[in-house]
Every structure is written in structure tokens, then in C-alpha cells.
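Annotated features, as they stand in TrEMBL:
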type	residues	note
TRANSMEM	23-49	transmembrane segment
DOMAIN	23-409	domain 'Major facilitator superfamily (MFS) profile'
TRANSMEM	61-78	transmembrane segment
TRANSMEM	90-109	transmembrane segment
TRANSMEM	115-136	transmembrane segment
TRANSMEM	148-173	transmembrane segment
TRANSMEM	179-199	transmembrane segment
TRANSMEM	228-246	transmembrane segment
TRANSMEM	266-285	transmembrane segment
TRANSMEM	297-314	transmembrane segment
TRANSMEM	320-341	transmembrane segment
TRANSMEM	353-376	transmembrane segment
TRANSMEM	382-403	transmembrane segment
Amino acid sequence: MTPQDTASPAPGAPRKGPGFREFVGLMASLMAMTALSIDVMLPALPMIIDEYGVADVNQQQLVVTLYVLGFGAGQLFYGPLSDRFGRKTVLGFGLMLYAAASFWCMMATSFEGLLAARFLQGVANAAPRVIAVAVVRDTYGGRRMAEVMSFVMIVFIIVPAIAPAIGSGILLLGDWHAIFGFLGLVSVAILAWTTLRLAETRPREMREPLSVRWLAAAFRQTLTTRQTLGYTLAVGSVFGGMMSYINSAQQIYVETYDAGASFPLLFGVVAGALAVSAVINSRLVMRLGMRRMGHSALVGFVAVAVVHLALEALAGPLPIGLFVALMMAQLFCFGFIMPNLNALAMEPMGRIAGTASSFVGAVTTGLAAFLGWIVGQAFDGTALPLCIGFAAYGTLGLIAAFVTERGKLFRAVETGAS
């Protein structure tokens, strides 16, 4: 059977299960588990490598990188499985596996064992991300989907803003092992919530047979759909800049600016810019469209990155207030890019939303993890490698969007859907 590019049959809120606000909160919670799993660990990274006797301080970034690599790899599987067996069954499996991996991290006796557990934790946590995007795509389409994703982003962004503070708070009560116990309990709580409240959006009559032939056809469709492939590469490139920041943030604030005590606050302030742009996007996207919003933000992202790079190269290290302000501007643009370009990538994939979500998520995450690792390993005590990464990766994302649209940026399609 060959997948078809059909629109979502459900233009409104789910017919069963949670209302709109609870639906948004539930989807945001599922997607926010990724940010929580990364950002809550940041204050504990120096303690982890100290306990295991790791000499190279840059190796602490592997606690993040291995998780992200597992997260990217896992996304290849959950989409096709959810298209075949339904969203809730696959989601439940992923959440249970995540809890088990979290407790393995908690009890790891070596740094290598911790990294293996973090990889498995990432593989498991790919399920909530893939299923959340697929459920939203099952339920909404076009600009409405982008609007819903913006509301999800508003809630989602609160997590990276406060996660380092949560991690620091846990460290006041215990050691870094307790952070993994906390993550395991969070996954159990979300599992209970989804089991009791989430409606199945992939009924039996819509499920596809899980065969090599069908999977090959589905992945071929995503690879040959210009809009999906182009925006997947654009998102992955820009997300690489974000992963560069996440990998380097703790070292920049602590080593470059000697602001370790203020790290959770500064990280949260910068992340707060994402929430502002997500709110604005949710109010404007239905009127202006995903392309105008996303393309404008891409141009702004590159412009800010180039200015930041020039200042850092000529006068670095910059005062910490200016660095934070420029990072806020960078993430403000990023908050428009992610929901709109992700929605554009998923828009043509109605019939195979789960498989397409797997492809988009795996490619964007894998690409971002690799690009972020390059910048993270280049950390030299300054923010210059990060600035180079933002400028280079933002430019790659803009080029990908430009090629995808055949040079016609900022346009709205005739149907008004995007």
C-alpha cells in the first residue's frame, strides 16, 4: 500500500478526551520531557565528571550529546509503530522505557554506563515527541496546526526556562543521582495522565500494515516531498545552533563569565525570550501564515548571529549583559522558526503523520546533535565558537528554506493554509 498525501480529517479539537486547554497542556508536557531531560542536568555536569574521575572537562557534554543521539535514532521507529498499532500503545511503551532508563542512570557505576543509559533514555523519550506531533497532526492542519503548536510551545518553553533551577534545587537536597530519580517519577506521572485522559487519534480503520514495502514507500514519500525534506533540513540546521548553546551554556556562564551561581537565572532569562515569541506567533500566524512568520524569523536569526559574531570577534569577551541580550534576541527568533517550519514540514504528510514525524524528528535531531557537538567540542573558554555556530547554521537553514521555496520567501500559498 502506498501512503497518500491526504489532509487531516479532524479540523477541530479531539472528539473525546481532554478539552483544548488540557490537550495543549498534555502535548506540551510530552514534548517538554526532552528539554527537561537535558536542561535539568546542566548544573550537575561538573559533579558527574568529578565523581567518575573524567579528566577532560569537555567530556561532560557527552551526557547531553549521547541522550540527543539516542533521541534522534529512536524517532525513526515510533512513528511507523504508532501508525500501525495506534498512538497510545506506543506512547505508553516509550514512557515506561524512559522510566526504566532513568533509574538505570541513577544507579550507573561508571561514566560509560551512564552514557549508555542516557542513550537509552533518549531512545525512549523519542516516543513522547513523535506521538505528540503525530497527535497534533491527526487533529489539526494548516495554519491551525501552527497555532496549536505555538500554544504548545508556550507551555513547553517554560520547562527549559526553569529546568536548571529545578536541577539546582534538587542538588540542594541530594546529589546528581536524585535528578534521574526525579525524571523517572515525572515519566510515571505523565504515563498515568495520558492513560486516563488522552484519546486515541489513530483508529483501527486508519492503521497501516507494518511491512518493509509500506515503510519504504512512506519514507520515500517524505524524502521526495520537497516541502517536507527542505524544511526538515532547515529546522535541523537552526536547531544545531540551539544544541550548540545547550552544550556550551554551562561552561560559558561558569568559566567565561564566572557566573556559576547565577547560571540557572541567566539560562532561564534567555529561554524566556522563546516564550515571548511563541505567544506572539500564536496570535499572528493565522493572519500572516507560517511562511511569512518563519521566513522573517530566519532572516532575523541570521542577522542577530552575524552581529553577535562580529562583536565577539572584535571586542570579545562581551559584557555578560550584552551577551545575554544577544542570546535573548537569538532565541526570540528561534521561537518563531520552530513551530512554523516544523508545521510546514509536516503539512503535506496527513496520511502518514506518525512515520513522517519520525523522519522529521530523527533527521532534525540527529543533524542538530552533530552540529551542536562540533561547536561544543570547540569550546576554548570564549563564546566565539558558539557565535560562529549560530551564524553558520542559521545561514544553512536560510539557504535550505530559500531552495525549498525556489527563491520565493515570505509568500502565502493561494489556499491560505500556510
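Using the three backbone atoms N, Cα and C, a Cβ is placed for every residue, glycine included.
No curator has checked TrEMBL annotations; they are predicted automatically.
Tertiary neighbourhood of the transmembrane segment (353-376): same-chain residues 3, 8, 58, 61, 64-65, 68-69, 71-83, 87, 126, 129-131, 133-134, 137-138, 202, 215, 218-219, 221-223, 228, 232-233, 235-237, 239-244, 246-248, 342, 345-346, 385-386, 388-389, 393, selected by CB-CB distance under 8 Å and a gap of 6+ residues from either end.
For the transmembrane segment (179-199), the residues of the chain that approach it from at least six positions outside its boundaries are 14-18, 22, 26, 29-30, 33, 36-37, 40-41, 44, 87-88, 91-92, 95-96, 98-100, 102-103, 105-106, 121, 128, 135, 166-167, 170-171, judged by C-beta separation under 8 angstroms.
By the Cβ criterion (under 8 Å, sequence separation of 6 or more), the transmembrane segment (115-136) is not in contact with the transmembrane segment (228-246), since fewer than 3 such pairs are found. The stretch in 23-49, 148-173, 266-285, 297-314, 320-341 that contributes the largest number of Cβ pairs under 8 Å to the transmembrane segment (228-246) is 320-341. Long-range contacts of the transmembrane segment (23-49) within the same chain, counting only residues at least 6 positions beyond its ends with a Cβ under 8 Å from a Cβ of the stretch, are 13-14, 17, 57, 59-61, 63-64, 67-68, 71, 91, 98, 111, 114, 121-122, 125, 128-129, 131-133, 135-136, 139, 148, 151-156, 158-160, 163-164, 166-168, 170-171, 175-176, 179, 182-183, 186-187, 190, 193-194, 197-198, 246, 249-250, 254, 263-264, 267. On the 0 to 100 pLDDT scale, the model's mean across the domain 'Major facilitator superfamily (MFS) profile' (23-409) is 87.
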